[in-house]
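According to Swiss-Prot:
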ZN_FING   6-27  zinc finger
ZN_FING   33-55  zinc finger
ZN_FING   61-83  zinc finger
ZN_FING   89-111  zinc finger
ZN_FING   117-139  zinc finger
ZN_FING   145-167  zinc finger
ZN_FING   173-195  zinc finger
ZN_FING   201-223  zinc finger
Amino acid sequence: TAENPFTCPECGKRFSQKSNCWHTEDHTGEKPFTCMECSKSFTVKSSLLSHQRVHTGEKPYTCTQCNKQFSHSAQLRAHISTHTGVGPFPCTECSKTFSLKHKLYKHQRIHTGEKPFQCLECGKSFSVKHGLLKHQRSHTGEKPYACSECQKTFAHKTTLMVHERIHTGERPYECNDCGKRFIHSTNLNCHQKIHSGEKPFTCTECGKSFSLKNKLVRHQKIH
């Protein structure tokens, strides 16, 4: 097109300026711009200049709201959303906004159903890498989170946090009917059936119903 007359011979992507021909280095893997401090290499000079701020400490981008300074323009854009409450990257499906583009891409998988991270052990797939890493512990048996009180270990941080309530006595889940408090939300849900009279577990032998599954299992031993 007239607006983008320069074409990459490798992938057909078009550019408005011939100087953008550095894009072809994405295909060749060539990285001619090297940092003199740490020897890290880059495909374009602008990326090198941006990287060098890690070493110089230069922060040329300033927030006009609070004067906080940043090394990169993307960091400033993400920060500005803390003042406005609106991120610069909106989701076209649900209008939710994000401070960073990669967070938008991650969110969009909710709508597309894309799950690019697959477990090599069982084939289960996940939309985010963190989900895969957590899942893999079910195969490796890794339990990196240890209780500081009793040294019991857990595969997930959330499970550790729930366990710690045994030591702290914290009971964050309160029954609205009687005020009784519980460590786990599942315990509260079971308790609330006392007030509601709900008995969702039915014996297939005699039709008797129970509020809790363990009561049904105990009853079934009669038959």
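Heads up, the Cβ atoms here are built off N, Cα and C, so glycines get one too.
Here the structure is a predicted model, which means the values were calculated and not measured.
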Positions on the same chain near the zinc finger (201-223), where near means CB under 8 A and six or more residues out: 190, 193-194
Selected stretch (most C-beta pairs under 8 A with the zinc finger (117-139)) from 33-55, 145-167, 173-195: 145-167
Positions whose Cβ lies under 8 angstroms from the zinc finger (173-195), at least six residues beyond its ends: 162, 165-166, 211-212
Residues from the same chain, set at least six apart from the ends of the zinc finger (145-167), whose C-beta lies under 8 A from its own: 134, 137-138, 183-184
Whole-number mean of pLDDT values that fall within the zinc finger (117-139): 94
